[in-house]
């Protein structure tokens, strides 16, 4: 009887772990049926993606809200939170970082690097 309870408990823990991993995963993009809206044809629109986004959007402009699930800020801007901390990228696992797109107050110039999901599009 003890073996059965231990086995059942182990199965429940494994199932819970798998469900948590799937909840943090992005669904694959189906480009055969996907219909993306065209982006504006101007220099102000820098194509970027949300963490699980399949279609490009214009990157965040100055004073736009930014966090781990929004499209990244324009390459000339950084995401600044209420304490003044700057991030060029807010990664999907940084759940507590929320801010607005602003010009950097630091003297260091950021060099833009494509996110992993941006190079695959």
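Glycine is treated like the rest: Cβ placed from N, Cα and C.
Copied over from Swiss-Prot, here are the features:
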DISULFID  26-52  disulfide bond
DISULFID  29-54  disulfide bond
DISULFID  36-55  disulfide bond
DISULFID  45-58  disulfide bond
DISULFID  66-79  disulfide bond
DISULFID  73-101  disulfide bond
DOMAIN    24-104  domain 'IGFBP N-terminal'
CARBOHYD  68  N-linked glycosylation site
CARBOHYD  81  N-linked glycosylation site
CARBOHYD  117  N-linked glycosylation site
SIGNAL    1-23  signal peptide
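Within its own chain, residue 101 (disulfide bond) has 60, 61, 62, 63, 64, 66, 73, 74, 77, 78, 79, 80 as residues 6 or more apart in sequence whose C-beta sits under 8 angstroms from its own. Across the structure, residue 55 (disulfide bond) and residue 26 (disulfide bond) place their CA atoms 13 angstrom apart. Summarising model confidence by region, the domain 'IGFBP N-terminal' (24-104) averages a pLDDT of 92.
Only 29, from the recorded positions 29, 45, 58, 81, place their Cα within 10 Å of the Cα belonging to residue 52 (disulfide bond). Checking each of the recorded positions (36, 45, 68, 81) against residue 54 (disulfide bond), the C-alpha distance stays within 10 Å for 36. Residue 52 (disulfide bond) falls outside any helix or strand according to DSSP and counts as coil. When Cβ atoms from all protein chains are considered, those within 10 Å of residue 36 (disulfide bond) total 13, not counting its own. Residue 26 (disulfide bond) falls within neither a helix nor a strand when secondary structure is assigned with DSSP, and so counts as coil.
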